[in-house]
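Written below as structure tokens is the structure these notes are about.
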Amino acid sequence: MSDGHGSHPDTPPGWASNQPPPYGGEGAAPWAAPGAGQTPPPGPPPGQDPGNPYAQPPPQQPHGGQPYGGQPYKGQPYGEQPHGGQPYGGQPYGGQPYGGTGPYGQPAPPYGQAGAPYGGPPALKPGIIPLRPLNLSDIYNGAVQFIRSNPKATLGLSALVTILAEVATLAIQIPTASAFVDAAVSETPTDPSDILGIAGGFLLGTLLSVILQMIAIVVLSGMLTSVLGRAVFGESITIGEAWRLTRGRVLPLFGLALLQVLMIFGFMIAAVVLVVVLAAANAPGALVGVVGFVLIIGGIVGGVFLYTKLSLAGPAIVLERAGVFSAISRSFRLVKGDFWRVFGILLLTAIIAGLIGGAVSVPFSFAGQIGAGAGGVEGLQTGLTISLFLSALGAVIAGTITNPFSAAVSALLYADRRMRAEAFDLVLQTAATDRQRGVHGTAPEDLWHPSHSAGGPYGYGNPPHQGYGYPPQDPGAWNR
């Protein structure tokens, strides 16, 4: 008996005297066949002719068990198998399909057949958008689908708010336009100061009408955002339900609209005032021109910057129940890091809405211009009034169509930024899956509160909030 490191005293005939340790014995090392982890076929027993593997084996194995490798030295050449055995590599010929194995834990598809498609399953889409970060196509398709799936709430609210805004605009424009026409057709000379006052009043009326339009759009966008908060889950609501969800947020929306007007137009007005001051101080004309150009361009750039930064404050007021200043701060945080993308989408949306609105309103304005000049000098005032009415009618029709689209784009941008910055898509997916199973936990209008965000500074599960599925612990904090 050998100790595993020398010669074997009971070496069978035909075996070399220097043999490795017995397989599995003391000092032996693990061994595996060069195939796929399969045990090699046993070699002929001691005393059997290596060239004749089919001969009757002797009834007894040598002392110490099967020798290492199970093959006698000078036996079968390495890599060969007995006739009809398993080929080298551990797989029968034609067994494993060409191309290797398929996904982990699954067999590979047959040769010539395509495997599973690359990527994961499509995103969940219970409503107007897929519940994942959105691209431009998703935002625009979602905005159109938003109007189509909720025509009464979207177009009805838009028509109502636009009509109110246009009536207020006409109440400002008609008196100033009438005074301007009276001064123009009067036979008695009009004092230049009176003409300047009338012109200033007309410009002021135009500016007020623009401000009213902006306020109306901000308020309308907030009201439509409450509709969109349900449309994301494939649900629709009536105008009455939308008003019930939004009426407590109307005053904050008005406050936001006024602040936006002051902040955006403040840059431009300040630039114009500085130019007037320089001109009144008898500064050189070239200096006034250069400084005025720089200030006006700077005012426009500042206004555009603020408009972009404040673009998500309206949805935050409605969906998060935030106060005015909290919503402004929230909008700044959400836009941060993605300013140019938000600006580009808003600019493209404004161009599209302007083209659609112009195509709808231009025929009415053109008809109004024809009617204004048809009555001659005597009927100028009547014609101008008719022209203003027709222009307002065209603006109502155009605004009814374009305002919901613009509001939906802003609200979907808000949802997209929350998905990207706070992983909010995970919260929406969980809520949508629960609702499909019939589990109605948090209401859709409450789900948008920052306490339900899956990431970012408001990650759910962190105190003082209990996280997704629970109402906020301090509802009064929403309005602070």
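Just so you know, glycine gets a Cβ as well, placed from its N, Cα and C.
So that you can see what the record holds, here are the features copied from TrEMBL:
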REGION    1-118  region 'Disordered'
COMPBIAS  39-48  compositional bias 'Pro residues'
COMPBIAS  86-103  compositional bias 'Gly residues'
TRANSMEM  155-175  transmembrane segment
DOMAIN    164-411  domain 'DUF7847'
TRANSMEM  195-220  transmembrane segment
TRANSMEM  253-280  transmembrane segment
TRANSMEM  286-307  transmembrane segment
TRANSMEM  339-366  transmembrane segment
TRANSMEM  386-414  transmembrane segment
REGION    438-480  region 'Disordered'
Beyond the flanks of the transmembrane segment (286-307) by at least 6 residues, Cβ under 8 Å: 260, 263-265, 267-272, 274-275, 278-279, 343, 346
Taken over the domain 'DUF7847' (164-411), the model's mean pLDDT: 82
Result, the transmembrane segment (386-414) in contact with the transmembrane segment (339-366) (3+ CB pairs under 8 Å): yes
